[in-house]
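I have placed the structure first, in the form of structure tokens, so that the comments after it can refer back to it.
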Amino acid sequence: MTAVSLSDGTAVLKTDPWLEPFSGALRERYAAYQKQRTIIEEHEGGLAEFSKGYKSMGFQIDKNGGVRYREWASNATEARLIGEFNNWSHTANPMTKSPFGVWECYVPPVSPGVCAIPHDSMVKISMTLPGGESIDRIPTWITRVTQDLNISPIYDGRFWNPPKEQQYQFKHGHSTRPVEGLKIYEAHVGISSPNMRVTTYKEFEVDVLPKIKQLGYNCIQMMAIMEHAYYASFGYQVTNFFAASSRFGTPEELKSLVDKAHELGLTVLLDVVHSHASKNILDGINMYDGSDHLYFHEGGRGRHDQWDSRLFNYGQHEVLRFLLSNLRFWMDIYMFDGFRFDGVTSMMYKHHGIGSGFSGGYHEYFGDSVDLEAMVYLMLANAMLHETYPHVVTIAEDVSGMPTLCRPVAEGGVGFDYRLSMAIPDMWIKLLKEYTDDQWEMGQIVHNLTNRRHLEKSVAYAESHDQALVGDKTLAFWLMDKEMYDFMSDLSPLTPIIDRGLALHKMIRFIVHTLGGEAYLNFEGNEFGHPEWMDFPREGNGNSFAHARRQFNLVDDKLLRYKYLYEFDVAMNWLEDKYKWLNSPQAYVSLKHEGDKMIVFERAGLLFIFNFHPTQSFTDYRVGVDTAGEYKVILTSDETRFGGHNRIDMGGRYFTTPMEWNGRKNWLQVYSPSRTVLVLGL
């Protein structure tokens, strides 16, 4: 047996003895992390200081109005700062190069306190390459870029330095306590209204934040904030890592949005994309200094075949400074509370998860296929964030099931707080596409919902933005399809398809919420069964906004049945807020009955009874429960206010009998209508 040590990366063996054969790989990984961290400690004054690169790189404005500009571009032989402020002169502001390839210049103030570079004016760096060629680029640490389609689709870098009276002053800081029972509302600002146009930060703040609060979510995950030239990339082809997308408004307006969310008690996470970058050259960071390998791996290793994008070289010192400082920047300047890391699977493996099924065998997670440099970056990122911000939240998007992903770095883990349970939405889509309701296997549903790593927290969700993208469709549309166009009004007949769709949409969300993890996520609009799919304006659809919006008006129209699904979401979230099952130990499942299509489990002192049978209701159905007493109805999806048939007496009382049943000490008998969930409590 390997001796467990807190200092060599094998402490994770305490929580998972199956890692024993891979203790050598764990030691190697932790040693690589310690080596990189030691280099940073010795040469940069520590991880905390190293990750403050945004305070030294890019544009730094001193108290007298002078501007110092620094840029890493080791391949360039000459460099100069050009812009509207110097009439794009290639001689006015030359830069000098350090031995480490960092260029620098100082622009003195026009007069004391008066900056020579006007606020929001255009700037670029112009560089000469070894062959004599001259290239212009947008500064990599730029905080604002804009696009004027009347001139060009290429973005322009802008010097953002508003007068003090125009600078947003935060009234609220980061959360002072850990978030319990994380209920995440995944949102994209640009699609957040029924209008066929891009929604703004201000509109989101005024119109959407109150909805999120009222729905009972306590966290927002904001997509597509990092600037991306191609809107239809959903924000995943980032061009400018320190710039908040100008499509939606100004940096100050985003700060106001985050501050308002904090005022409402909401945690705000940024969907951060450090797994790859846009291959754009003129308005991105690709080929930045004329070389193929400044921020990225050279050649094929630096390119993602499926995403058509560039891949970072996580072993490069300046790349680590850039990415770690990027995290600090969003935390410090915009007051985000944490991150959902995109594409972690692609980062962790040299094959990027392409063509790998991941059987769950531990040999797949260690060895030559793992990108050790990327793993070290993720460990450094999580260590820096958790050491600097006590209540930060980090979530990994990983489909592989990497062990130790959500264990602390000090134990030898990768350091994330949560992982996304990506197999859960896949299961529902497969069931709805390939099986009739009477073919659903209760055991398989329970297995998929509870199959998660011991002591590694997961975010459960029935569907996210991924499921809604063009080529797929929302859960509601899988259930009800074209009948949603004609039969979602209370004035129209309740067809069998709509009746089934409403019932199952509620049950699917609720069983995921209660059984699936330690946190819950919903993509905006799906709380009320948003129809159709997501498709951003692009050439292939005539640049249409028809599917790049969220039709909140469907809920506001009280004649439509969407209100029932919405109200159930409200009830579900606020019930969790009261009983806190997401913070409770994993549920005890006492029944998975294939013939009856019944699932029964206990969690957080509540008894959950799901009847997935398409037609069969059960009278005096016996279910086991551990705690004796008189149980009452806490919630049922069959209530009229949720579009149900009101078949359950809300004032009913259920008394336990002290006799063992399904492995529990007591039993009680209930009426369980078909396609209904019943929640009982003492």
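Numbering starts at 1 and runs along the chain as displayed.
The backbone N, Cα and C atoms fix where each Cβ goes, glycine too.
Pulled from Swiss-Prot, these are the features on record:
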- ASP342: active site, nucleophile (ACT_SITE)
- GLU397: active site, proton donor (ACT_SITE)
- TRP88, LYS124: (1,4-alpha-D-glucosyl)n binding site (BINDING)
- ASP466: site 'Transition state stabilizer' (SITE)
Least surrounded among the recorded positions, given as ASP342, ASP466, when other CB atoms within 10 Å are counted: ASP466
Using Cα positions only, nearest of the recorded positions to LYS124 ((1,4-alpha-D-glucosyl)n binding site) (ASP342, GLU397, ASP466): ASP342
Residue from TRP88, GLU397, ASP466 whose C-alpha is spatially nearest that of ASP342 (active site, nucleophile), among the recorded positions: GLU397
Distance, ASP466 (site 'Transition state stabilizer') to TRP88 ((1,4-alpha-D-glucosyl)n binding site) (CA atoms, angstrom): 43
Rounded Cα-Cα span from the residue listed as 'active site, proton donor' to ASP466 (site 'Transition state stabilizer'), Å: 12
Residues near GLU397 (active site, proton donor) in space but at least six apart in sequence (CB under 8 A): ARG340, PHE341, ASP342, GLY343, VAL344, THR345, ARG419, LEU420, MET422
Greatest C-beta neighbour count within 10 angstroms, which of the binding-site residues TRP88, LYS124: LYS124
